[in-house]
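Engineer: According to TrEMBL:
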REGION    A:14-35  region 'Disordered'
COMPBIAS  A:14-25  compositional bias 'Polar residues'
TRANSMEM  A:49-69  transmembrane segment
TRANSMEM  A:81-101  transmembrane segment
TRANSMEM  A:121-145  transmembrane segment
TRANSMEM  A:151-175  transmembrane segment
TRANSMEM  A:187-208  transmembrane segment
TRANSMEM  A:261-278  transmembrane segment
TRANSMEM  A:290-320  transmembrane segment
TRANSMEM  A:332-358  transmembrane segment
TRANSMEM  A:379-400  transmembrane segment
TRANSMEM  A:412-430  transmembrane segment
COILED    A:478-508  coiled coil
TRANSMEM  A:526-548  transmembrane segment
TRANSMEM  A:560-581  transmembrane segment
Number of protein chains: 2
Amino acid sequence: MLQNGDLNIMFLTTNGPGSASSSSDQENKSDDNFKNNYLDDYPKKNAEILSGQYGVNLLLVGISLMLALSNSESQVDKKDVLAFLVAVMLVQLFWMLWYIVKKKKHECPAPEKDIHAGTSWLRGGLTLLAILSLIMDAFHIGYFVGYEQCLSPVIGVFPAVHAVHTISQVYFIWVHVKDIIKTYENFERFGVIHAVFTNLLLWCNGVVTEADHVLQSYQKRQVDLGIGNMTLGNREPYCNCTTKACTIFLHSLYYLYPFNIEYHIFVSVILFVMWKNIGRTLEYQRKIKVVIRIAGIIIGPVMGLIAFSSSIGVLVMYIIQVGDSVEARESALNMFYCYGIIILFFMCTSGSIGLLIYRSENAPMDYSKIPSRKLDSELLFITATGSWLMSWCSIISVISTSTSPKYRWTSFFYSLLLIFEKYIQNLFIIESLHRKADNDEDEADGPITEIFSVSGGLTLSTNISLAPSFSGIINAAFESQERECASVKSDEENKKEEHIQNNRLSEESISLPQKSTKKLNKKRKIVKNIAIFLFMCNISLWILAAFGCRPQYDNGLEESTFGFSAWSTVVNIAMPLNLFYRMHSVASLFEVFLKV
Amino acid sequence: MLQNGDLNIMFLTTNGPGSASSSSDQENKSDDNFKNNYLDDYPKKNAEILSGQYGVNLLLVGISLMLALSNSESQVDKKDVLAFLVAVMLVQLFWMLWYIVKKKKHECPAPEKDIHAGTSWLRGGLTLLAILSLIMDAFHIGYFVGYEQCLSPVIGVFPAVHAVHTISQVYFIWVHVKDIIKTYENFERFGVIHAVFTNLLLWCNGVVTEADHVLQSYQKRQVDLGIGNMTLGNREPYCNCTTKACTIFLHSLYYLYPFNIEYHIFVSVILFVMWKNIGRTLEYQRKIKVVIRIAGIIIGPVMGLIAFSSSIGVLVMYIIQVGDSVEARESALNMFYCYGIIILFFMCTSGSIGLLIYRSENAPMDYSKIPSRKLDSELLFITATGSWLMSWCSIISVISTSTSPKYRWTSFFYSLLLIFEKYIQNLFIIESLHRKADNDEDEADGPITEIFSVSGGLTLSTNISLAPSFSGIINAAFESQERECASVKSDEENKKEEHIQNNRLSEESISLPQKSTKKLNKKRKIVKNIAIFLFMCNISLWILAAFGCRPQYDNGLEESTFGFSAWSTVVNIAMPLNLFYRMHSVASLFEVFLKV
């Protein structure tokens, strides 16, 4: 009842100022906006809470269903969960269709775009992950066709809907994710948050399936080695496969799951930024032309490649040895920990060097408001806690254990280094993202007229020619190629803004200092090497954890200290966070590499 | 190594601009600040992450220890956990001592104060909770004295240190919690965050003890009724009590735990606001003189009192009946749910009326940056998820269950209403906190010169006399009685600010509209009644949950759907959040009552 009322009010204020999607967006506004705001009927802060609470409840319904599913005695079945997921995906599909059609109809004026949201390389990466997800869907459908007689139709419908959902969503992200929505805000808030939480639900579903698979294969190993006393349930359907490819499909699936899981969590993060952008008033921004220079970037990539290839070696060795015999398992674990200690030591060192380089420079920080960057920092911090919890548990179990396997102390130092590595890497990434881009990279280039980034203090390159570039700033937020219609802004507004801008620019250009550029160039090269090295290391550590290296189960130390059920709960919650952390820092480090 | 380096740098920049504790604080600053910022060595964003990560890791060590403790087979003992807690409390004590001594030495200039942090009624409430905590400590010591021969000394040291810690902390909060720290920032960031997480650890410890107690008494009831097949462990020490009061102490303790738990979580929230305030640049603010008028506030308190007294009745009935027999338990549960449905229905209705009243008004919103308010909103949202998760689990178990007890559908509607109630109450509280205070309450008062709240748009009362009040605004952030020394600000700075301020004021005073004040007065009375009614209802629901009404265990529906271990995990995580939610909304609703 309430929501309808709110929507009606929203339609009346379509041309409102789009004020304050978050409390602080409000601040840099002229008195004009204040007046509009006063007359604005619907408080935007509440609009956010209204849709945010809906999204959280949607997620909680799904989590409750999955929790019930995990108890074998409950009446909730796999097909109930899948039916629920199909329903939420269909709702999202209809909403996206509505949005696309509406945008096509009202193409004028072109929507404002947030250039920081969903950069093209991020969207490219997502497309790759989406293709792998589509292959997974195909395998699922193949598996269903084989066992059609004895499987519920939902098991076949789910991958088909998921495939359609994936394709439409990738299209939507490519075309619309940068949009800053300013019309019908409340309805679109619900749509976007629904999309965010649909993807989070699909992520949860992937995580649960994956965790179940890992647990099963661990129990199978235990039974094979004659250690455990678990009974293995039969998960095969009760009929014969008609296509003879069912087993192949089933086994291949588990190599594709990690990609599907990463795909959904990344989509939800990107869409969350879109949601935060609704009703936002853009500050002046302009695209940064990224010129990737690889001169002098050798040590980082080489060391990174060494780390990557040795990881693959360790992965293969580990998987072969760990199920072989008790002694082989012990040596496999020891090898894994030793390898981990070496790679983490190098990561800590390089991160620290990066931070020391930053400390030795007097470069300014960029504290402007960019929702996507803020979210990046917060996600790095929050997802690191998963891995920290596991590490502290390991440390406590090593200290308190009465047994003393070969890998006891290597496990201890591995956990300790893991804590430091994430601590330092977070500091390095977050500081890198908040530093103002230097653009004295090449003095031979002549005067650079690019204006970097955003905010209450615009950053200028040191060699700036003010006059010619200036008039272009005002509408830089609109991507010029999309502006087929006449600009909506009145001349007066433009003049006013130009005036404010002018004042700022002239003030700031005075305070820009002169630096010795040669020295910086060298430092920058080191930081670039560090970023690319850490990038490769994080990929390596993601692969190890995603494809079966889980010493947290195999070493038995934590299990004896915390008990199997408590420890598997901790791992099942912390491991997905850890995997997301790795992938997310890969993305962030790539951004650092481009930016430095 | 890194932290030392950082600290050294901090000491060099003691007189820095105190810039940007959060990215957005940066925005409203003059070019002056920009220049200073540029020369500032240590990036404040990173300083926050540096200390924040330390705090999270401290918490995780404690959580790991408590997790290990919960497994009976582990080597970790209760005394290890207590020793760890004693150590962190001692560190906090030393830090607070250092801080107080340092402040006493350098009294000039008086620190800036955030008037929104730790209001006096909040501090008063805290003091009450602290006194109950001290009584609890006394009981703990009495219990230890009785069993001294066979208990580890740590069990006696812990309550003694806790008592000292409580007294010093309450003193610290009364005197220093509003301080905006601008010197030695990094060191103080670590100190304050250590205090925050020490209190969170003590909260966790309380929650674990309480959950253990609830589980034990549930199991005891099950055994008494002959339903369960759990074996009860013996938790008594292996020697005789020498004082004959041990049992009394032990039983009384469990009535005091809920207060101790609330005390610690509230302290950590208040200290967290202090941490967010470090290095913050205050915008102009001035105290709001709160005049509590109770004319026309009758229906709310009366209905609230009815709710409160009937809650006490339900609590007593429930506790007596639930352990009596299977039939009595079933009727106790049914009574509880029926009572819950009635109270929640009224809460939903009154919340909705409040929101409709807000919709019918064109009042402006206040989107200024107030860390304590932002935290309030976020905490309401986050802690509500705990209860939502439990409710959705209940709904799914009611739908999927094959049994059909008497309370099946009352439980269903109770859970559904619980979701709606929190949804609506959050919207109501958050909107109330973000509305600009109306101050046309009494036209006979003459021109009101108070300036409410903060920020990029200052709010003025409708009948404002600009000239005389104006010069007082500039330093309003300093509490005048503490200003014994000469103001640090140079005349030039003052003039500049005055100029900016002047412009703002004159601009905004134009856009202030005229309202019909009589109508508003009536509406305000209704909102005040609603706030006080919801206030009493939330206290009632807190008491019910804190003192033993936990149908989540007793009704057996969820247990059969999710399994005992999964369900008790969910309840043990969600219930503390739910209790905190109730207490926190009590505090917020009181603020709403004062503000409206």
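Quick reminder: no glycine exception, Cβ is built from N, Cα and C everywhere.
A TrEMBL annotation is a machine prediction, not a hand-curated record.
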Engineer: Below 8 angstroms Cβ to Cβ, which residues of this chain, lying six or more residues outside the transmembrane segment (A:560-581), approach it?
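Structural biologist: Contacts of the transmembrane segment (A:560-581) (Cβ under 8 Å, skipping residues fewer than 6 from its ends): 203, 207, 211, 215, 258, 261-262, 265, 379-380, 382-387, 389-390, 393, 396-397, 400-401, 403, 422, 542, 545-546, 550, 552-553.
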Engineer: Can you work out which residues elsewhere in the same chain, 6+ from the ends of the transmembrane segment (A:187-208), have a Cβ less than 8 Å from its Cβ atoms?
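Structural biologist: Here the qualifying positions are 3, 7, 10, 47-48, 50-52, 54-56, 58-59, 62-63, 66, 69-70, 81, 85, 88-89, 91-92, 95-96, 98-99, 162, 169, 181, 257, 260-261, 264-265, 267-268, 271-272, 274-275, 278, 572, 576.
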Engineer: Determine which residues of the chain contact the transmembrane segment (A:121-145) at the Cβ level, with the cut-off under 8 Å and only residues 6 or more beyond its ends counted.
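Structural biologist: Residues 151, 155-156, 158-160, 162-163, 166-167, 169-170, 173-174, 177, 242-243, 245-246, 249-250, 252-253, 256-257, 259-260, 262-263, 266-267, 270, 587, 590 contact the transmembrane segment (A:121-145) from elsewhere in the chain.
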Engineer: Within the same chain, where does the transmembrane segment (A:261-278) have neighbours whose Cβ lies under 8 angstroms from its own Cβ atoms, ignoring anything closer than 6 residues to its ends? I mean 6 or more beyond.
Structural biologist: 21-22, 51, 114, 117-118, 122, 125-126, 129-130, 132-133, 166, 169, 173, 176-182, 185, 188-189, 192-193, 195-197, 199-200, 202-203, 206-207, 210, 371-372, 375, 379, 576, 579-580, 583-584, 587
Engineer: Per the 3+ Cβ pairs under 8 Å rule, pairs at least 6 apart in sequence, do the transmembrane segment (A:332-358) and the transmembrane segment (A:526-548) touch?
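Structural biologist: With 3 or more qualifying Cβ pairs, these stretches touch.
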Engineer: Within the same chain, where does the transmembrane segment (A:151-175) have neighbours whose Cβ lies under 8 angstroms from its own Cβ atoms, ignoring anything closer than 6 residues to its ends? I mean 6 or more beyond.
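Structural biologist: Here the qualifying positions are 78-79, 82-83, 85-86, 89-90, 92-93, 96-97, 99-100, 118, 123, 126-127, 130, 133-134, 136-138, 140-141, 144-145, 195, 199, 202, 237, 263, 267, 270-271.
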Engineer: In the same chain, which residue numbers or ranges, 6 or more beyond the ends of the transmembrane segment (A:49-69), come under 8 angstroms Cβ to Cβ?
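Structural biologist: For the transmembrane segment (A:49-69), the nonlocal Cβ contacts are 3, 6, 76-78, 80-81, 84-85, 88, 186, 189-190, 192-194, 196-198, 200-201, 204-205, 208, 275.
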